[in-house]
Amino acid sequence: MLLTRRFSSALARSPLLPRSLPPPRAVPATPPAPRPPPRRLMSSSSSGWHHSSRPPPPPPSGADKDQLFRGLEAALGTTFSSEPLAPPPQPMILVISGPSGVGKDAVIQRLQEEREGMHFVVTATSRAKRPGEVDGKDYYFVTKEEFLTMIERKELLEYALVYGEYKGIPKQQIRDYMAKGYDIVLRVDIQGAATLREILGESAIFIFLVAESEEALVKRLIHRKTETSDMLLVRVATAREEVKRMNNFDYVVVNSEGNLEGAVKQVESIIDAEKAKVHKRTVNI
């Protein structure tokens, strides 16, 4: 017994043991996980797809057309609009060009006879009238001095010096007819088409008229009998170079001998296709 007390006293004085032990740390209790809310079956009235009150059902199929129409309006809670679904067509600019002798005037004349709502711009020129041409219909025939005045006043959308004579397109004529909803048709030479492409960019439609072959084109130029031999040589040489500009146009239409109607219909198809486009061309003059 005495031995046990001495051992206990010595053990108590030992530096290896702390005099007192700290109280145990309290571990916070983990809160219970929240219970998920009870699942509910979603109905069509509570899904957010419909109003809180179920719409009335449509009338039976035995109803007449007017009752069925009104019943569908009531079921959908709306009225059906009579406004057009497609946006209205916008006025556009059509540029028709090609080498001399391809029949630009013949194609345009048939378009004038076939289609409504189109204005064919009358070009101003300083050259003399040819037999059968009418001032104000085929061209506005002015003197070179008058034409230069129009240039100074910036009255022309485009102008060029072609074979020693001026040709140009009056701006105001285009603005007036586009404001009335008319499509604009411009008949220009290759040089004028290149200038218009720089001015109008992709806002206009460029159509290149061409003969079925080089041989056919030369024969047409000879058949016109409007130029001297020297001028005819210039026309043919120029036409051969102008055909190389075909890639600068949006469409190519072949006006073959004896098939004018086919060429005109193809041009009309191009116009109809452009009218049906979702993304319209925007024109600012």
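Cβ atoms are placed via backbone N, Cα and C, with glycine included.
Marked as compositional bias 'Low complexity' by Swiss-Prot: 1-19 (among others).
For 1-66, the entry in Swiss-Prot reads region 'Disordered'.
Per Swiss-Prot, transit peptide is recorded for 1-42, and the stated evidence type is sequence analysis.
Residues or ranges marked as compositional bias 'Pro residues' in Swiss-Prot: 20-36.
Here Swiss-Prot flags 40-50 (among others) as compositional bias 'Low complexity'.
The feature domain 'Guanylate kinase-like' is assigned by Swiss-Prot to 91-272.
For G98, P99, S100, G101, V102, G103, K104, D105, N255, the entry in Swiss-Prot reads ATP binding site. DSSP assigns V102 (ATP binding site) to coil in the three-state reduction, outside any helix or strand. Its Cβ taken as reference, V102 (ATP binding site) is surrounded by 27 other Cβ atoms within 10 Å in the chains shown.
According to Swiss-Prot, the feature active site maps to R130 (among others). The number of other CB atoms found within 10 A of the CB of R130 (active site), across every protein chain shown, is 9.
Sequence annotations record features per position, and here Swiss-Prot assigns active site to R224 (among others). For the recorded site, R224 (active site), the DSSP three-state label reads helix. Taking Cβ-Cβ distances under 8 Å and a sequence separation of 6 or more, the neighbours of R224 (active site) in its chain are G101.
When secondary structure is read from DSSP and collapsed to three states, R235 (active site) falls in the helix class. Marked as active site by Swiss-Prot on the basis of similarity to another entry: R235 (among others).
Around N255 (ATP binding site), the C-beta neighbours below 8 angstroms that are at least 6 residues distant in the chain are G98, V102, G103, A106, V107, L209, V210, A211, A263.
In this structure, the CA atom of S100 (ATP binding site) is 7 Å away from the CA atom of R235 (active site). Around K104 (ATP binding site), the C-beta neighbours below 8 angstroms that are at least 6 residues distant in the chain are I96, S97, G98, R187, L209.
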